[in-house]
Amino acid sequence: MAVERTLMLIKPDAVKKGVEGKIIAHVQEKGFKLVALKKLRLTKEQAQQFYYVHKERPFFEELCEFMSSGPIVAMVWEGENAIEEIRKIMGATNPEEAEEGTLRKLYGTNIGENAVHGSDSKESAQFEIPFFFSRLEIVE
Ligand code: IDP
């Protein structure tokens, strides 16, 4: 299996709850390596650019409002099959449907405010990582 990099965000709801450290520790304990990290606040326009693939979906406006409503934490994680594995660690989109022990079950609020984002494919990781980080900000 290939070593991959994936982008993960800790969304504003989880930052407000103060669980950034717990989320980072959880992913580290699963064996992944943190190679980039920053805290920032997106403007609504930046959130729209980041989520442009969802622009036709009914929740797009709500999602971009939420994602720009407060600070987030952006991270790049590295490891074997990282894209798919980190999606498993996150759990289902709706925290009510997420498996016990997943990040969304543990820390999510509802289907929109669901604590974390993770790239869902190699193509999305290739767009999402450089959206937040320059090459110099990713530690080899
Ligand atoms: P994912 O984050 O699990 O990949 P997507 O369906 O790609 O889920 O949706 C992207 C994000 O949009 C979700 O993480 C969630 O924050 C938000 N979202 C998805 N479905 C809804 C909804 O029905 N209402 C409000 N927000 C939603």
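Quick reminder: no glycine exception, Cβ is built from N, Cα and C everywhere.
Any TrEMBL annotation is an automated prediction that lacks curation.
Under the heading active site, pros-phosphohistidine intermediate, TrEMBL lists His117. Note: His117 (active site, pros-phosphohistidine intermediate) has non-local neighbours Leu7, Met8, Leu9, Lys11, i.e. same-chain residues 6+ apart with C-beta under 8 A of its own C-beta. Taken residue by residue with DSSP, His117 (active site, pros-phosphohistidine intermediate) is part of a strand.
Sequence annotations record features per position, and here TrEMBL assigns ATP binding site to Lys11, Phe59, Arg87, Thr93, Arg104, Asn114. Secondary structure at Arg104 (ATP binding site), as computed by DSSP, is helix. A sphere of 10 angstroms centred on the C-beta of Arg104 (ATP binding site) encloses 23 other C-beta atoms.
Per-residue confidence over the domain 'Nucleoside diphosphate kinase-like' (3-140) averages out at a pLDDT of 98. The annotation domain 'Nucleoside diphosphate kinase-like' is assigned in TrEMBL to 3-140.
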Is any of Phe59, Arg87, Thr93, Arg104, Asn114 (binding-site residues) within Cβ reach of ligand 1, i.e. under 6 A, and which?
Phe59, Thr93, Asn114
Neighbour count, 10 Å Cβ-Cβ cut-off, for Thr93 (ATP binding site): what number do you get?
12
